[in-house]
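Participant: Once you've had a glance at the structure underneath, I'll fire off some questions.
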């Protein structure tokens, strides 16, 4: 490389760094982030939003002199690039953006190494090529740099321009998306309108506000929530109320399961033949085909949290990680106090993942059968932990010896991203979509279906089937929007935002002893499971704070809110600010009569649930029907025998 005729000055290096980082951010918008950008205004906003914070941050280093200025600008640029790339990798895996809250979950990343590494792409060098070039110049081609001081009078101009551009950006954003900063349920909106860097600043401010909320919370805040949830309560259905009193409850978590798999064939073979039978209505199970997950960033942990507490997860981060030491009125604790149930969770991963070993104590869960209770030899492990077949087999053995009635929650793992399976376990050919994630998903889902069938057979052999409520559900979507092209090949139809919402159906199957099965087409979500189960065992939900409604109730609320503020009803869905018909997923030209009421209810639900978590409001609840859980009572010893409740 020959010496350039004109050296690179400090200000020129600053402009070059701002330009290349901004360019990389544009690249991420269109290649990696699914932001749903439409129209001239939104594209103009994308052009503006990265520049303001990049320029403002890096302009601070213009006050330094000589080599220091070059190096500080470089380091600042590298940190911004690292933040961008971290968001890219995180988005590929979670379809969401990094927050300060998710940093508290960083310990989970080590356990998910294979899944995270699968998120890397061949073109990722684009995000670092400028950084490498600048570093090479700073180390090996210092003669190219002009270290002479330049007039600092330009620096305040740059800063003022950056701030002015931010407010102009915000004005455009508020015009296109009113109340953007007050209705902040969806991070994609915030990044689309503010950019990833301003979003990080905004998230930091919100995190501080939420931390202050607990200190300022009072019993009056709880009263407001109680008054609201009591108005939402639905009466139990007399036909089902108490039908399963003191029966065992077995809750089976199907990792990443989506119901587009039901009755789906690949190369002429059913992907989920056993679940297909359970979905027919001719078995012991009632199938809810319009059951949706309601998780946020916490994914699996949000699913557990919502179904055991009838509360929403957090808008940022995982409630397990951030609110694990709160006071709760959980389903396992209520079952114990009202009907003497023992409770346990069974999972082929280690107990510290998702902070479970601490959270479960606050839920009043008696026993935790983690990976130390299972044979974790190499032949039994794939992806994140224990394969489903040996997991189910060992779990059934443990359950056959449990004190009854018990509440047992089994969490599977094999059908987890990146959906890899040992050759000897694969018994269905992969489709050929050209996407290893989608193709692998078919094989791992088929394996999960086989494992589930073997487990149900074991329950029958061990005499547990007839006297147990058995609940099966998918915890969250498995295939994100990043794989829409492959999904279109697999399903043979266009994946629009409305269709992707339909794909968030994760299924719910429920066997109640003494009741025949069927198909229940009510629209419901994970929030509704807790009141449904309480009524089945004969415990009235009226004395407990819950946001869901009994799925068997004749007054069941068919509005299903999502964590980002979208929602779906029997007739239409609200997605990314637009309303679509459920019949054909076409955009509605007229607003439904009940739309404003439903939208207000969804926003109020999310707001109230957030206040419960951020204010730790259950600590103020004096409920004569519930004694607060003492987490100090619980200890989860390592296997093989554990600490079983006698």
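Quick reminder: no glycine exception, Cβ is built from N, Cα and C everywhere.
Keep in mind that what you see is a predicted model, and the values were worked out from it rather than measured.
Summarising the annotation, Swiss-Prot assigns topological domain 'Cytoplasmic' to 1-7, 65-68, 141-153 and lists sequence analysis as the type of evidence. Feature annotation from Swiss-Prot assigns transmembrane segment to 8-28, 44-64, 69-89, 120-140, 154-174. Marked as topological domain 'Extracellular' by Swiss-Prot: 29-43, 90-119, 175-646. Per Swiss-Prot, the feature Mn(2+) binding site maps to 255, 300, 475, 476; the stated evidence is similarity to another entry. For 300, the entry in Swiss-Prot reads active site. What Swiss-Prot lists as substrate binding site is 416.
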Participant: What Cα-Cα separation, expressed in whole Å, is found between residue 475 (Mn(2+) binding site) and residue 416 (substrate binding site)?
Facilitator: 11
Participant: Between residue 416 (substrate binding site) and residue 255 (Mn(2+) binding site), what C-alpha distance do you get in Å?
Facilitator: 6
Participant: If you draw a 10 Å sphere around the Cβ of residue 300 (Mn(2+) binding site), how many other Cβ atoms fall inside it, taking every protein chain shown into account?
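Facilitator: There are 21 such Cβ atoms around residue 300 (Mn(2+) binding site).
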Participant: By a simple count, how many Cβ atoms lie within 10 Å of the Cβ of the residue listed as 'substrate binding site', its own Cβ left out?
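Facilitator: For the residue listed as 'substrate binding site', the 10 Å Cβ neighbour count is 23.
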Participant: Check the transmembrane segment (120-140) against each of 8-28, 44-64, 154-174 and return whichever range has the most CB pairs under 8 Å.
Facilitator: 8-28
Participant: Just to be sure I understand, if DSSP states are collapsed into helix, strand and coil, how many residues of the topological domain 'Cytoplasmic' (65-68) fall in each?
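Facilitator: Result for the topological domain 'Cytoplasmic' (65-68), in helix, strand, coil order: 3 helix, 0 strand, 1 coil.
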Participant: By Cβ distance under 8 Å, which residues at least 6 away from the ends of the topological domain 'Cytoplasmic' (141-153) in the same chain are close to it?
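Facilitator: For the topological domain 'Cytoplasmic' (141-153), the nonlocal Cβ contacts are 1, 3-4, 7-11, 13, 62-63, 65-67, 70.
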Participant: Average the pLDDT scores across the topological domain 'Cytoplasmic' (141-153) and report the rounded value.
Facilitator: 74
Participant: Tell me the Cβ contacts of residue 476 (Mn(2+) binding site) under 8 Å, same chain only and six or more apart in sequence, or just say none.
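Facilitator: Those within reach of residue 476 (Mn(2+) binding site), by Cβ under 8 Å and sequence separation of 6 or more, are 256, 293, 295, 299, 300, 302, 303, 506.
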Participant: Tell me the Cβ neighbour count for residue 475 (Mn(2+) binding site), meaning other Cβ atoms within 10 Å of its Cβ, over all protein chains shown.
Facilitator: 25
